[in-house]
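Novice: Below is the structure I would like to discuss, written out as structure tokens.
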Amino acid sequence: MALVPYEEGAGWGARQLHNPSATYRFASHTIRIRQDWQRLGVAAVVWDAAVVLCAYLEIGGIELQDRSVIELGAGTGLLGIVATLLGKGFFFELRSLYSKCCIYGHVLLYCLGAHVTITDRAAALEFLESNVQANLPSELRPRAVVKELTWGKDLSNFSPGAFDFILGADIVYLEETFADLLQTLEHLCSEHTVILLSCRIRYERDQKFLKMLSGRFSVYEVHYDASKDVHIYKAQRGSWKEYF
């Protein structure tokens, strides 16, 4: 969703942001993410909030296998790629076959990977798709779909309440998008959906969004990375809770 560049300067780890790529290790895979600040600004670089949420998904015991997951404002796609890799799983079923004289056993193998929808605005999709395709094994690529989603406007293309998990990393910073983001979250959520949002609280408006979110969902802080000053919030409808 983020397509407006920040002002260049000495801060914000500018040198890292302008690197053409960034490399990470998650889910026993080396992930090399292409970055392009000059063309797409903040949408085309990896922010700390995405890295922290990836780590939380990996070490937090969150079960993604055979779940439906959507990422909002995916940018480079790192978070959606990691969710797809972490959702990989298999189910073994032992069956017996009978003949007149023997019993034969064989194992059927089923893939129960997560179904991950990775979304952003139209201008970012080609770049996003290139990172997804470059970092997923061929057998997992059908389980990750890159799709256009402009908050509040493309909702008819997504079934209401169709997702088990909604993920977002550093998508809360433009106040003019808050109402559309809330509308999108409400559309995508069912009673069992878990929203996980990671962010750095930089401005008073960030707190304003959390208050708006708390007016529609039950919101809890579930993790804080002090080294990167990144918070992770879980939100769900009403007072219903799911503990991982």
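Backbone N, Cα and C atoms are what each Cβ position is placed from, and that goes for glycine too.
As listed in TrEMBL for this protein:
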TRANSMEM  40-60  transmembrane segment
TRANSMEM  72-91  transmembrane segment
Novice: So if I exclude everything within five residues of the ends of the transmembrane segment (72-91), which remaining residues of that chain have a CB under 8 angstroms from its CBs? That is, six or more out.
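Specialist: Same-chain residues near the transmembrane segment (72-91) but 6 or more away: 1-2, 24, 26-29, 31, 33-35, 42-47, 50-51, 53-54, 57-58, 62, 64-66, 109-120, 124, 127-128, 131-132, 135-136, 140, 143-144, 146, 149, 151, 165-171, 181, 184.
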Novice: What parts of the chain pack near the transmembrane segment (40-60), using Cβ distances under 8 Å and only residues at least 6 beyond its ends?
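Specialist: Non-local partners: 1-6, 17, 22, 24, 26-27, 33, 73, 75-76, 78-79, 82-83, 86, 120-121, 123-124, 127, 167, 169-170, 196, 198-200, 222-223, 225, 228-230, 232, 244.
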